Structure formats: structure tokens, C-alpha cells
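Colleague: Annotation source TrEMBL lists region 'Disordered' at 1-31. If you look up TrEMBL, you'll see 30-152 marked as domain 'Peptidase C39'. Summarising the annotation, TrEMBL assigns transmembrane segment to 183-202, 222-240, 295-320, 326-346. According to TrEMBL, the domain 'ABC transmembrane type-1' annotation covers 187-467. Look at TrEMBL and you will find 501-734 tagged as domain 'ABC transporter'.
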Amino acid sequence: MKAGIVRPLDGSAGAGEAAPEPPEAPIVGSLPPDDPLVTCLVFLCRYHGRPRSAQVLLSGLPISGRRLTPELFVRAAERAGLVARAVRRRLERIHPWTLPAVLLLDDGDAAVLVERRPDGSCLVIPGSGGGGETLVPAAELAARYGGYALLARPEHRFAATGGAERDVPRPRAWFWGTLMENWWTYIQVGLASIVINCFALANSLFTMNVYDRVLPNNAVETGVALAIGAASVFLFDFLLRNLRAWFIDFVGRRADVILACRIFDQVLDMKIAYRPASAGSFAAIVREFETVRDFFTSATLSTFVDLPFAFLFVGVIALISPPIGLLLLGVVLVVLLWGAVIQIPIARATSRNQKQGEHKHGILIESLTGLETLKMVGAEGRMRRIWEELVGNTAALGQKSRLYSNLGVHFVQMAQQMTMVGTVLAGIFLVGEGRLSAGGLIACVILSGRATGPMAQVAQLAMRFHQARSSLRALDRIMRLPVERPPGAQLLNRPHLSGALAFEGVSFVYPASSSEVLRDVSFKIAAGEKVGIVGRIGSGKSTIAKLAGGLYEPGKGSVRLDGTDVRQIEPSDVRANVGFVPQELFLFRGTIRENIAIAAPAASDLDVVAVAEAVGLHDFVAQHPAGYDLQVGERGDGLSGGQRQAVALARALLKGPNLLILDEPTSSMDTRSEEQIVASLGRLLQDRTILLITHRLSLLKLVDRLIVLDRGRIVADGPREEVLARLSSGRIATG
């Protein structure tokens, strides 16, 4: 794939000339253009009336190997509102109602089967080669067919009153819906639990029959037969318990992968405006998914499944001895009542403890991130004080949670012991009256332990239950945050934007603030125009850059790209056509090459070197032994400030954007590097739109027009030299 900035960009639009045609934008972060599955998916989207560009379909997918896999095909189809699945089916078994279908061929190719005709030929669209509809003999197609097909159909939505489409949100559907996808497995777990608990009766019934029938009559053969039967039951019980555990672990593994991916997708897709203020606290909430997963998809689940069977054992005891059955029923009800009461303080303490833990994790991440600053300003004492207070509060709340949990556990244990004593005591009187046999008494004692056993286990898990419930609530709040592309939204596909930008009456307030950063800002930038924005600190310059890049939405007014409100355009199309170098840079752990090509892994080494040379980075890299494999460290700490800015510039240029937004792009560079940047950008971006935010006069050589901001308002807008002259003479009122 050729990155757009590397291609020759000769010529620029003069006055009165039409804006230049935007160059072909690359598929950022995706695949080479000849990927057959991508071609097939784009056709299916058009066929079903939901056209999507390859850029939109592939944006953000975890693609490796530069090829779309069948699994990622299904996820990409969901972005277009298609329900897709992979099936193993012979060619003649693919029903006409399911056409068109994507066929996976033996040689790694793919094709869309559009129609099977009566004469035995098949109408197909090849996934590679760029051909159109082709008639292929069925035998020839079957010879290449690999046996797997991808079926896709539109996801139908019902219109609400007024004709508008509406998705009805279901509480926590992201979690419970995923678990319920394995409903048949859970039914099998339930059936296994029923059989296992029925098998649990074997021990008590065997003992009762031995004492009541075998021993009095010296029926050795009967005893041996009963022993063989009991041993067989115990063997099947062993097998079923292991099978149930395997089912639970299997479901847990599947749910773990799906849910973890959905949570991370939500984190990446949510709107920046709704991002929590503390990254550490946010990360702690996401980490709590492990607590939820371990509770709902582990052996813990079998404990709760066994709980209702306590009443089964009480019923069997009542059949043997109604008085003892009533005694056991009373104990079970008292234990359940006590458990319900003790859950209230446990839930309260657990919730408070979790919030303190999130705050503590936030302080830890903040301290690690700003460790150099803490040491330089000598603020370690303040952070230690905050940390120690949080640790103390967390420990106290944890102790309180464990205290209430232990009260519940110890009460159930006491109830178990008293139940056994009460059962034996009642049995003494009943045996003496002839209303109960000795074997029946022993059976009642064994079954009473089985009846109260699950309650003791549940009491031990009470604190974990509330931790999981509290974590699920926190995760649910994250999953409800608005995302950039809501499910079912029909956004516009604009894969090629010329770079024209317009602000129309834009006002903006940051979520954590109450004061307006921008007030009724309006301006237009034609495609290919070079515009600079200057102003005092806090005047709203960087905010304009973020709004133009689609990171935030204006509170009032609209931001338009090529005449279309940016909120109506697919976010991936905006990012593909807009290059953004923010004032606060962030590099990811990895090599220099990986950071430059992070959004375009299909870019060639020649493309990477070309943009590195353009920003003056190649000279430094060429002199280092590691070259482009040099590790930049966490957040780019292994590089200087100027080198980080050069990497960020190269990263933005590699996409070949038609609108390049630069926010103080050379603030950490020396004069020589800055001059090289100015010369390179002036040469390479002749027909591209530039929005430059800077305080440096040397950078203003790149622009022809200057906008002056003050306190969120435009106070000057005109040709560069004219505005600079007015600023130097004091004819523009600022401050």
C-alpha cells in the first residue's frame, strides 16, 4: 500500500480555481486493497442496501497478517448492520434463500456466490482480480470450494412511533446476553446438578437399608448388592461432577474472551467527552471484570445451583420422619432469613470498599505517571499522605466486610451443628416411640448435613457475591457510556474528503467545566488553504483543533467537513482524512517504526522512511544501531521532546491526510529542525489543507491566512501579513 503523503503532490489551486481533487486515501490500519474477503464484504454491504467503505468496515479491527480472517469478517459485517456467520456446508447444500454467500476457496481466495442457475452454472463475483460477475460451471467452482461459507443477512430493526428507528436497550444485555448465548450448556449444567443431588441420596438410603434390613436379617447377599449399587452411583457422581465442572469452565472461557473484547471495544469506542476523569480509577473498574468473570463462570456457580436442592433433602427427610422434616425446614428458613439480613451491611461495606479501591488505584497510576515531576518538586510527602489514608480506609472497610461475612458463615456453621444435635435428640424420642428406625435416624442425620451444607458454602461466598455485583454495576455504567458510532446508526460514508473545513456558530464547554471555551466561533477554510490560529493561552486554539478532528462535539453550532456535519460522517472516514498532531503527544511502547505506522501497519518500509526523512527524524534513526527498531519506551520516554514530536508528525503524514491539524508541532525542536519541518511541509502539502496552531513566527511561513482568538472569540481573520501588522501595531484588542 502506498501512503498518500509519499506520492508526488505537484501543483496547488490558485485563486479562482476549483479545489483540487483529493488524492486516493489509503486504507488506514487495514489491508492491501486486493484482500478478497474485504472485496466480498463491500459487495454484500452494497447488495443489502447498507453501503460501507472498506475503511469503515475495517477500522479498529485487530487485524494481523494483513489479511481479513473469517472471524474478523463476522465482526466487520456487524458494523454494517449485517448478521454473519461461518458455516461448513457442501456447495449444493447452500440454499438459494441464503444467497449471496461468500465462499472460501482452497487457494486462500474468496468469491461471492450470487446465483445458481438451472443449467448448472453459478454466477459469482471473484474476491480478487477486480473482475465483475462471472459465470462458472458448478463442477469447477466445487473443485475450488473449501467447504466453508460465510452467510450474511441484514439485521432487521422495527420502526418506533413516528417512523424513526429505535434500538430498545436492555439492562446489562452485554453481560447477561453473552452468558445466555450458552443457554443450552447451562441447561446441561442444571440437569447434571439434578442428577448429582439425586445421587447424593444414595449414601443415606444405603445406610438406612443396611441398618434396617440387612443387619437384622443377616442378608449378606442383599448388602453386597446394595454396596455395588451405591459404588456405581458414586462412580457416576464422580463423572457427572467433573463433566459439570468442564461445562462451566468451557462456558467461562468463551464468555471471558467475548466479554473482555466487548469491554475493551467500549473503552476504545466511547466518546472522549464521557471519558472518566481518572484513568487509574477507570482502569480499576475495567479490571473488576475479572471479579465478575470468576464469580459467574467458575465452580462458584455450582454452589448456587445446589442451593435449591436443600429443599429436596428436607422433603426426603420429611418422608422418613415428618417431625424431623419440620425441624429441618425451620432451620433452613431461619438460616435463609439470617442470610438475607446480614447481606445488607455486607453489600454496603463492599460497595464503599470498591470505591476506595478505585481511588487508590487512580492515585497509584497518577503517581507512577508523574513520578519525575513528584521528585523534582518534592511532592512525595503529599502523595504518601493521600496513599496512606486510602490504604487505611480500604483496610478498615475490608475488615468490616469480612466481619459481617464471618458472622454469616459462623451462624450457619452453628446452625449445622445444632441441627445435627437436634436431629439426634428428636430421633431418640422417635425411635423410643417406634415412629422411626435406627437406620432412618442415621439417614436423617446424613441428609441434614446435605440440606445445610450448600447454605454454609453460600454464606462463605456472600462477600464475593457482593463484590461481583458491585463490579458488574460499575462495568455496566461504562458499557452505557455513549459511543462514537451507536449501534444501528446510519452515518455517511465519506472515504475521500477534500479538506474543506467550516465552523458555524460553534460554542463549546468541556464536560468537567462550566465556562465556555469557545463562544459563537465561525470561519471557513477552503480545500488546500493554509490557515494559522494564534492567541493567548486559554483562548481556545487547541479546542478548535480537537473539534475539527472530531474528538469532541460542539455544544452549539456545527463543525463541517466538505459541507457535511462531522457528526454525520463515519468517524473512521474522518480519521482517515484528517491528520492531527496534538500539543500533548503520546507514544506507545514499541519501536519507532511501530509508532509511525501504528495506524497503517500495511505501509511499506519505503513509506516509513520517506515520512521520517520529511520530518528530519531519519538522520537520528540512521545513526542509532537499532535504527527503526529502537524502543521508544513507555509514553516515548526514551526519546527527547523534539524526537517525539517528529515521530508524531511522521505518524500523521503517513496517512496522507487532506486536512492536517498541527497544534504546536515544533515547540520542543531546535531552530534547525524546525526550519527543515517548514521546508518539508511546504513542499509536500502544497494541495493539502493545513490548520496550524502556534506561537512561533517561523512556522507561520506555512500559512497564508491568520485567525486570532481571544477568550474563545475570533478577534481577527485575514491575510497573514495584514493580521501580523495589526497585531504588532496593537490594533487588535486582546486580553
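Note: Cβ is positioned from N, Cα and C throughout, glycine not excepted.
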Colleague: How about long-range neighbours of the transmembrane segment (295-320): same chain, 6 or more residues beyond its ends, C-beta under 8 Å?
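Modeller: Beyond its ends, the transmembrane segment (295-320) has Cβ neighbours at 179, 189-190, 193-194, 196-198, 200-201, 204, 208, 244-245, 248-249, 251-253, 255-256, 326, 328-329, 332, 436, 440, 443-444, 447-448, 450-452, 454-455, 457-458, 461, 464-465, 467-468.
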Colleague: Counting by DSSP, what is the helix, strand and coil composition of the domain 'Peptidase C39' (30-152)?
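Modeller: Breakdown, helix to coil: 40 helix, 37 strand, 46 coil.
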Colleague: Excluding the flanking five residues on each side, which residues at least 6 beyond the ends of the transmembrane segment (222-240) place their CB within less than 8 Å of a CB in that stretch?
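Modeller: Residues packing against the transmembrane segment (222-240) from afar: 192, 195-196, 199-200, 202-203, 206, 209-210, 213-214.
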Colleague: As a test of reading the model: what is the averaged pLDDT for the domain 'Peptidase C39' (30-152)?
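Modeller: Taking every residue of the domain 'Peptidase C39' (30-152) together, the mean pLDDT is 80.
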